[in-house]
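Participant: Per Swiss-Prot, the feature active site maps to Asp111, Asp129. Residues or ranges marked as transmembrane segment by Swiss-Prot: 55-75, 85-105, 124-144.
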Amino acid sequence: MIYYLIALFVIAIDQLSKWFIVKNMELGASIPIIDNVLYITSHRNRGAAWGILENKMWFFYIITVVFVGFIVFYMKKYAKTDKLLGISLGLILGGAIGNFIDRVFRQEVVDFIHVYIFSYNYPVFNIADSALCIGVVLIIIQTLLEGKKMKE
């Protein structure tokens, strides 16, 4: 299915970008892309967003394996007839596996996209995180659209 190719694309871009950061930037180094808005910052995270559950790799291994299994099951069962759901799940699957690869082989996740939103210093994130978030937002949009259709 095409949705697995979306996941593979996300994994490839995610891992390539992380490899580039690790090989070419010192930890903590930052390159401004748009001053006071967007930076490429070499950062490592041993937990989830905002450092939640730091150094609890066993927890992330278990949760990710279960989550990936659920996503694959859901893709096989429902994505065949629902294009937007398939794209969403492909993005989520790719993001989950991208960060899982880091946790297994590095014992930490490489983050590098650093954004300041209205002067708020948002936590540094990566391509996998972005794919996960976009996938979730697409599912929310689809759910809202389906709810609207049911009312009509």
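A Cβ is built for glycine as well, from the same backbone N, Cα and C atoms used for every other residue.
Remember, it's a predicted structure, so these values are computed and weren't measured experimentally.
Relative to the rest of the structure, where do these features sit?
Facilitator: Less than 8 angstroms from the CB of Asp111 (active site) sit Thr41, His43, Arg44, Asn45, Pro123, Val124, Phe125, Asn126, Asp129, each of them six or more residues away in the same chain.
Asp129 (active site): 21 other CB atoms within 10 A of its CB, across all protein chains. A helical conformation is recorded for Asp129 (active site) in the three-state DSSP classification.
Same-chain residues lying 6 or more positions outside the transmembrane segment (55-75) and placing a CB less than 8 Å from one of its CB atoms are 1, 3-4, 46-48, 86, 89-90, 92-93, 96-97, 99-100, 103-104, 107.
Within the chain, the transmembrane segment (124-144) has long-range Cβ neighbours (under 8 A, six or more residues past its boundaries) at 10-11, 13-14, 17-18, 41, 43, 45, 49, 82, 84-85, 87-92, 94-99, 109-114.
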